[in-house]
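**Student:** Submitted below is the structure of interest, expressed as structure tokens.
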């Protein structure tokens, strides 16, 4: 009744323990799930993405993928003949919609018929060295392409397998190289919450709108100091939880404030601006641990009880990320936070600290401390609360939400208006003039009007 499945018969559809550690990957290249597609089954690794809604796999050979789904080899594949294009904040692809059966070796029991887009062309989507061959969009059908009528992967599972409308995600990459071997573990639990994947309490924040997993952020603190920004700055134009984004992305004004606060609070006096913008790495001797030089970062989320909030905090081990070793002496790090033009995105940089519950049944996102979010045996994430919301606005999210369906309506309205104006102009040009003024020497005609008269001759 409450949308949760905490335990089940191992012989049934749901065996949550069987889904533990069914992911591999890292925060730099994404976390992926093994899936069997078609008849006979073809094994592919699929990127888990809570920031999009299409299920798509490579459908032709590509220099950057090691495997692809060959539809001609599957007796159960059915093409719908519908072209589809999906654009992301980085990269895009074009393909064709179809259906086929899938099974998840470390997932729910059984085979299910799912909408699948086979990717025929792509740009900056498959990147060198990635070990996944497709993408599993787990957001709402409002984002599905070419229209919201395309049933999403998870909606299909809920309907066919009759599992609760909830899934949860743990990504275990804290303190590990972000572009390493791709062997960091993780868990995607379909249909429930697995108690062994978190400790302490689960804190829930409401989903503000069902397209992305949009939440409401009330304030940010760096080293315990409030940034003192208007809370609407944090939600401009939306704040979302997205496993397919590698970094914590902040609106430009928030990003600048965070960088200034970290630079002011850190124990490093001089620091290259290229490190903050992502164009340079910072390197220390391998015997050093630079994390002690940086402050803790806290994000306050509105609680289900709107008069309360809670905060999720990440230690520097999550946002100062090891990426490259140079020789035997140096270890280099990147800044796991970047600026954004259109959203605050809680990506893998933050999510690696928590077990995140996407409770679609009760329209809320939950956070709990993840046992795998430890570096050198010490936790690198925290959750604390409740706190009062008396010091922030009652609503930090803009009441006008210009997401894609609204933009399409506005576009069509503007095109219609332009068409009407153009039609009126054409009619006016075709109607013969009833009254023609003949200019005399006494008429004063400036250069501009003269040019117009001569041009029409």
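Note that Cβ sites are derived from N, Cα and C of the backbone, with glycine treated the same way.
TrEMBL annotations: computationally assigned, not manually curated.
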**Student:** Pick from 380-405, 406-431: which range does TrEMBL record as transmembrane segment?
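**Tutor:** My reading of TrEMBL: the transmembrane segment range is 406-431.
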**Student:** Work out how many Å separate residue 231 (disulfide bond) and residue 49 (active site) at their Cα atoms, rounded off.
**Tutor:** 27
**Student:** Given the model, what does the mean pLDDT over the domain 'Peptidase A1' (31-368) come out as?
**Tutor:** 92
**Student:** Determine, to the nearest whole angstrom, how far the Cα atom of residue 396 (disulfide bond) is from the Cα atom of residue 305 (N-linked glycosylation site).
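**Tutor:** Answer for this pair: 15 Å between alpha carbons.
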**Student:** Is it possible to get the count of other C-beta atoms within 10 angstroms of the C-beta of residue 231 (disulfide bond)?
**Tutor:** 20
**Student:** Of 49, 242, 305, 372, which is closest to residue 332 (disulfide bond) if I measure between C-alpha atoms? They're all recorded positions.
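**Tutor:** Answer for the nearest of the recorded positions: 372.
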